[in-house]
């Protein structure tokens, strides 16, 4: 791997890893195994945009917001996560899961827009570790559907029209229950060494 490829990517999405009766499926290992390539930075008004292996990370320091978009595949649109530090909300559209989600509160492990932008700019062209330092696990609150779609960020609101929207809550840490299910869909967002992940099992 070249020095360019070893540059840590602040945010990247790894979506749709399916585990079928596989108790050895290790999301952290899957994330570590991902290769991160060159990134291209450009500016669009207040938004600073970084293209990473076909994925787009947008940072707005003035609004303290971050958007992470993943390219789609197999006829399915890519997922979009909007981290709004000002409002303390995370909106997440995951087309492969067929639902949208809200997270109330932005974990302190996630860098705000200023920190993220500084990290991107200072790490540009330099080598840095790309290992996952920690993970934030979320599960769907089945009894907490979101009825007001206006809570969703405008960047995902249209994609969430007609879909079920739920609040996500931090996982209790019980990882055994999903292994009893037949199908699991994992969605990941990696933000400067912190893995934000959601697991939905049937």
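For all residues, glycine too, the Cβ spot is worked out from N, Cα and C.
For reference, Swiss-Prot has these:
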- 1-25: signal peptide (SIGNAL)
- 73-168: domain 'BRICHOS' (DOMAIN)
- 100-160: disulfide bond (DISULFID)
- 184-201: disulfide bond (DISULFID)
Integer mean pLDDT for the domain 'BRICHOS' (73-168): 86
For residue 160 (disulfide bond), the three-state class that DSSP assigns: helix
